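Going by TrEMBL, these are the annotated features:
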- 12-36: transmembrane segment (TRANSMEM)
- 56-75: transmembrane segment (TRANSMEM)
- 87-105: transmembrane segment (TRANSMEM)
- 158-178: transmembrane segment (TRANSMEM)
- 260-277: transmembrane segment (TRANSMEM)
- 283-301: transmembrane segment (TRANSMEM)
- 321-342: transmembrane segment (TRANSMEM)
- 378-395: transmembrane segment (TRANSMEM)
- 416-435: transmembrane segment (TRANSMEM)
C-alpha cells in the first residue's frame, strides 16, 4: 500500500484486503452463529427463517494468524511500520511455525528484528530455549492432562456432581486451561528462542493479579494489546463515539459524560474478545461481556471502596489484603470459566445455580478420588500444582528484580543445574499423564 499515493485509493485497497481476511474468518467461525441467532430471533418475533448451519471445519489457529496479518496491514496503513517488500519474508512472518496454531499474536515491527537477522550459535540461548520447552511440557503433560480428567468428569455430568463438585471442577479447569495454554506458549517461545528468534510474551503469572484489569494485562497479553490498539482506541476516536461523548458531556457534565463513550467502547471491545474465542454466547459472555461488567462496575465502585478502606483504616498494601484481592479476582475469573467450559451459556447458568448446594463432606470422605484419578495420580497432580505455584512465586519475585528463574538457575553450580534438568525430564517421562484418548498434539487454544 506504500506505493499508492492517493489516500482514497489506499483506503479502498486496505478495506478490500481486510474484507477478504475477515470474510474468510467470518465464513469459517461465525456464519453458523449468526444463522442460529437469526433463526432464534426470527422465531421469537414470529418470522420463520429456514436456514441451517453449514458446519465448516475451521483451519487450526485461524483466529491467531488472521489477527496477526490484519495487525500488519493496519500498521503499514498507519505508517507505524514499513511494508515488507519480499514476499518470502512476509510469508515467514505470517507463517512462522511456532506461532502458527496458538500464537502469540506477534507484531511485525518487533518480530522482524530477530526473524530476518543472521543467526549465530549461543550456548546459553539454546539451553534457555530447551529449558523453557521442558517446562512447557511439564505443565501440559503432568498438570493439564490430569486436571482434564477431573474437569471432564464433573462438567460431563453436573447433575450428579453438583454443589462444591462444580467449584472443584472449575478451579481444576482454570489450572487445566492455564497450564495447557501457557505450556504451549513456553514450548513455542522456547523453540523460537533456541533458534535465535524472540517472540512476544503471552503470560505473566495471571492468577496473582489483584484486579480483572490487571488479570488481562497478564493473561493472553498479545490478544489484549491487539484488541486495545486495533479495536478499542479506533472505536473511541470514531466520529460516532466522539459525537456520543460530546452529547453525554452536555447532558451529564464533563466528568460523568466522558465515561459514557469509554464504557460503550469497552462493551464493543469485550464483545469482540468474546467473539474471537468462538461464535457462541458462552464465549461472548464468559470471555467477554462478563469481564466488561467486572471492569466497569469496579471503576464505578472504586470511590466507595476507597472511602470504606479509609474509614476502617485498611492497609491496602499489606500481604493479607493483596492476597484477598488475588483470591477475589480468581473467584470472578472462575465464574467466567464456567461459561467457557460448559456446553452452552444456558448450561453454565444451570451449573452456577447447582453450585450453590453445600456438600462440604466431599473433601473428607474420599469423594474427590472418584473423579477419574486414583490416589497416586491425584497426589502427583497436587504436588505438581505446588511446584507450579512455587516457580510462579519465584518468577514474579525475580521479574521485579529484572531477572528470571532460568537466569538464576544458570548461576548455580553445575551439579545443582543438572539435578534440576534431569528432575524435570524424568518428571515428564514418569509422571506425564497419557490416559485413554490422549493426543500429544491437542491443545485447547488451537481450536480458536
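For all residues, glycine too, the Cβ spot is worked out from N, Cα and C.
Listed by sequence, the residues of this chain that lie at least six past the ends of the transmembrane segment (158-178) yet keep a Cβ under 8 A from its Cβ atoms are 143-144, 147-148, 150-151, 203, 206-207, 330, 333-334, 337-338, 340-341, 347, 350-352, 354-360, 362-363, 367-368, 371, 385, 388, 444.
Between the transmembrane segment (56-75) and the stretches 260-277, 283-301, 416-435, Cβ pairs under 8 Å are most numerous for 260-277.
Residues 211-213, 216, 263, 266-267, 269-275, 277, 332, 335-340, 345, 348 of the same chain lie 6+ residues outside the transmembrane segment (283-301) yet bring a C-beta within less than 8 angstroms of a C-beta in it.
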